[in-house]
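Trainee: Before I ask anything, here is the structure I am working with.
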Amino acid sequence: MTTPHLDSAQDIDLSRVHLIGIGGAGMSGVARILLARGKTVTGSDAKDSRTLLPLRAVGATIAVGHAAENLELSGELPTVVVTSFAAIPQDNPELVRAREEGIPVIRRSDLLGELLEGSTQVLIAGTHGKTSTTSMSVVAMQAAGMDPSFAIGGQLNKAGTNAHHGTGEVFIAEADESDASLLRYKPNVAVVTNVEPDHLDFFKTPEAYFQVFDDFAGRITPNGKLVVCLNDPHAAELGERSVRKGIKTVGYGTADAVQAHPEVPAMATIVDSQVVAEGTRATINIDGQEVSVILQIPGDHMVLNGAAALLAGYLVGGDVDKLVEGLSDFSGVRRRFEFHGAIEGGKFNGAAIYDDYAHHPTEVTAVLSAARTRVKAAGKGRVIVAFQPHLYSRTIEFQKEFAEALSLADAAVVLEIYGAREQPVDGVSSEIITDAMTIPVVYEPNFSAVPERIAEIAGPNDIVLTMGAGSVTMLAPEILDQLQNN
């Protein structure tokens, strides 16, 4: 089925929207905004979850399980059906009925594009760091009194939500490239954190993946700006190409990266950063104004994300000092180096449990490097990781890189591959990663046995990370219990 791409709010009636998979991170966010705008929202999800409770509380009618009759509300059908074409099969009974009834079926990105209309659009794109950078931008702009609307792929720890319909002119959102959805938007400010081949099951070649970011840059409004990270080679090259095309482009990055790419005017330069007791202290020059910010979440990649967030806020009129105050107050996003607890007493005294969404070698490297920095600053402990590969295609494509990245830990437990939307591949297991690792590693295909395996490896003051985009997140509290009670 061909999915319509809509050009204006007049093309579709959003008065009564049905969302299939409403409990997902992206879908639940747009549902919140629709409800805040007074729309009637129904939806369905395969299983009940804590995500559905607040949506029901503000007026959504949600069914658990998929059935044709879920489309009806008091005998009336929706004006539009929204779905994720990657996650929802085409024989879903609600999709089938929508087609039979002639109801328009659109993607989440089409809906988000409609919701963005009329706002000053700040879109955060890139292979890695979208959710963190978007979240930092939100918190910074909120502190600057801008009350932006936002839709992000994770839940802000402090706000406890992934979306908000604000009173300000700015709307901040992630621009997902995985299926070229980012080409639905017309940003006023487009941030590209990095560009590295991914989602090759969709794009087929790295060249096609790179091209989608060039196309995205071409959709920026005439008076808008492209913002690129100069520390990332492909993002910097995108910036250089865009400058030559006449697209207004600025860069951010460390001083050496800024010097290496003089063709892209730098508007945010990281002058210095160092680990301190509170986190990471960074000195950043924003368009000639030098500011100091303390980031609670560790890692050089988070300093870069913070610089991007400050620059995005500055470009849409935010006061730099207030933006910095907000950024210093940023406590993270669910599943991004998320703290679950520490052990007090016993043989695991001082061990701390964290959970992270990292599922690409570059992300794994960044998170483990940040953990190592924290251990080094403390002068004690090790880094232990429980990693669950996500998708067979990604595991096969990056098996060598995963082995190298995971070897930054001191020891690891690697779970079986989480296939998600993919079917198992004969002869392929997580052992293609573990066989190439250079640290002590346990391949553990039994999900429920992982906490025990971690207890056999961990020690006092260790940082223990559960990592991956699948079900591994459920193990963080179980590992905490295992170590606390062992």
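Cβ from N, Cα, C; glycine included.
Computed from a predicted structure; not experimentally measured.
In case it helps, Swiss-Prot gives these features for our protein:
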type: BINDING; residues: G126, T127, H128, G129, K130, T131, S132; note: ATP binding site
Trainee: Would you find the one among the binding-site residues H128, K130 whose Cβ has the most company, meaning other Cβ atoms within 10 Å?
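Mentor: Result for the most crowded candidate: K130.
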Trainee: Sort H128 (ATP binding site) into helix, strand or coil using the DSSP assignment.
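Mentor: H128 (ATP binding site) sits in coil per DSSP, no helix or strand.
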Trainee: For the binding-site residues listed here, T127, T131, S132, which shows the highest count of neighbouring CB atoms within 10 A?
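Mentor: The residue with the densest Cβ neighbourhood is S132.
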Trainee: Within 8 Å of the centroid of the Cβ atoms of G126, T127, H128, G129, K130, T131, S132, which other residues of that chain place their own Cβ, given that this set defines the recorded ATP site?
Mentor: I124, T133, T193, N194, N305
Trainee: Counting across all protein chains shown, how many other Cβ atoms sit within 10 Å of the Cβ of G129 (ATP binding site)?
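Mentor: 25, counting other Cβ atoms within 10 Å of G129 (ATP binding site).
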Trainee: In sequence order, what residues of the same chain, 6+ apart, have a Cβ less than 8 Å from the Cβ of G126 (ATP binding site)?
Mentor: T133, E177, V191, V192, T193, N194, V195, C229, A235
